[in-house]
């Protein structure tokens, strides 16, 4: 089934060119089914790229998905035009009375700042609390995952001596988990972060389980059933050249490992994680669909 996004959202042209089926509101209304309602709280500076990456993965699932773009109410984006934000994003204050099958919380370039010093931390805490009553399942990504674990469980993040950047081999520790269905025993995942959450800091008795990790970069994916949340520290949504773009932005300071052939930044990297991203997001959407109430009003009851 296709994904429904605004007709003039820039991601639409990109996805249609890739063969992803994108549905108009009129076409969606003709289908006598309830679509999955997914909110994307996009904290990334380059919002258009992140919108496209997430929509690509959700649009490949076998369900009709309505993707709604949400922003922090009292934060002004410096890297995405005000026109784009105004046209396509709703502030959280405007949607807080509504209910969603799923919520995706992205990362943000604030990893080196204490949580309480992030300008929108108070609102993000309210959003995390709101997700427990108004959202059926949540997927938190990178800094969003660290922030959620800190908010819900008091787990601190730790700064890294240098940026963890590259494509790393990860171990699937729970192949029978519905989140990991179809993923191989070992699989590649792009990593790009300055901080980490450590296994030894995970509290006992909270039901947290490690689904995947890497010998080189640590924890990758944690299931948090009590909060109905999947915490993903890395980036299966990344495009083939996302890490290359970050390397150029950082002026060549942090060469991504296991990425450029022969460590030559002029060489074209191979995307070895695309299928893994589709599997994980497909599993998340499918499990959300299987367990969410048919009536959105029943979410949180």
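Cβ from N, Cα, C; glycine included.
According to Swiss-Prot, the features are:
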SITE      111  site 'Important for acyl-CoA specificity'
ACT_SITE  142  active site, acyl-thioester intermediate
BINDING   163, 192, 249  substrate binding site
SITE      192  site 'Important for substrate specificity'
ACT_SITE  237  active site
Sorted by sequence, non-163, 192, 249 residues with Cβ within 8 Å of centre, substrate: 165, 243, 246, 247, 250, 254, 256
Local backbone state of residue 111 (site 'Important for acyl-CoA specificity'), from DSSP in three classes: coil
Annotated substrate contacts 163, 192, 249, maximal Cα-Cα distance (Å, integer): 14
Nearest recorded site to residue 237 (active site) by CA-CA distance, among recorded positions 111, 142, 163: 142
Distance, residue 142 (active site, acyl-thioester intermediate) to residue 111 (site 'Important for acyl-CoA specificity') (CA atoms, angstrom): 9
Other C-beta atoms that fall within 10 angstroms of the C-beta of residue 111 (site 'Important for acyl-CoA specificity'): 18
For the residue listed as 'active site, acyl-thioester intermediate': DSSP state (helix, strand, coil): coil
Of 163, 249 (the binding-site residues), the residue whose Cβ has the fewest other Cβ atoms within 10 Å: 249
